[in-house]
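Chemist: Per Swiss-Prot, the feature active site maps to 10, 136. What Swiss-Prot records for 94, 95, 96, 97, 98, 99, 100, 101, 102, 103, 104 is ATP binding site, and it gives sequence analysis as the kind of evidence.
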């Protein structure tokens, strides 16, 4: 038996860090929303009791380092599944980009194997399992738009922002999330107004959203990788309505309302940055149907 599952990327419209927890993680408060840039996973049931990861992308690990592998392993162990699975990942989301590509692959694996192996789990149960794999996996199980708190695994759903273009640009560098958080000095940063962002999203206020975007990690990543700051400046210069780094970077995104301006920004960045995408915000949450 075979199943195809979509794994959409996310961006952060607002990201704040409140402090460091006793378990070593940071306490966060952020707003994430899914976008129409997605990996595609093909899950094929195997009679043998093993997990196989396949991908043409050389940056995708084919062992237990892969979060999709970890998701399959978790379900096998928790529910004593004796079957195996082959997971083919068609990678579209850039790797290590601040877009939750690996987390979304894990979430898609949880949703897909729930069907393939007839586990009968609810989406809330899958999200709870996702938290055992990684901080963003719970959100990725649901998709849509949500406030994420705790270490990112506590999810409260809110309305979806008004539809618009999202232009993404990723430089050819990797950013260590651990290094970014390690260099964060909470008493020396400007904290975004996450509550205000929730308010303007719930009112469908596109201009308010553009005025309120913020990411407390930006200045840290910019200091470590000045090319990320340069991409943000270029995107602003080309006329994006709002520009922000997603997650710990290095991907920068711009929100754009008009098609003509989207094309201008996209074409302008293509000569400046290796990976550029123009996609839409996604609509509602994922379902198990």
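Positions of Cβ are set from backbone N, Cα and C atoms, glycine also.
Distances, neighbours, how buried they are, the whole picture for these features please.
Modeler: Counting Cβ atoms from all protein chains shown, residue 10 (active site) has 28 others lying within 10 Å of its own Cβ. Secondary structure at residue 10 (active site), as computed by DSSP, is strand.
Taken residue by residue with DSSP, residue 100 (ATP binding site) is part of neither helix nor strand, so it is coil. Annotation for residue 100 (ATP binding site): same-chain Cβ neighbours under 8 Å, separated by at least 6 residues, are 9, 10, 32, 93, 136, 139, 140, 247.
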Chemist: Going by a 10 angstroms cut-off between Cβ atoms, which of the binding-site residues 94, 98, 102 has the sparsest surroundings?
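Modeler: Each of the binding-site residues 94, 98, 102 was scored; lowest Cβ tally within 10 Å is 94.
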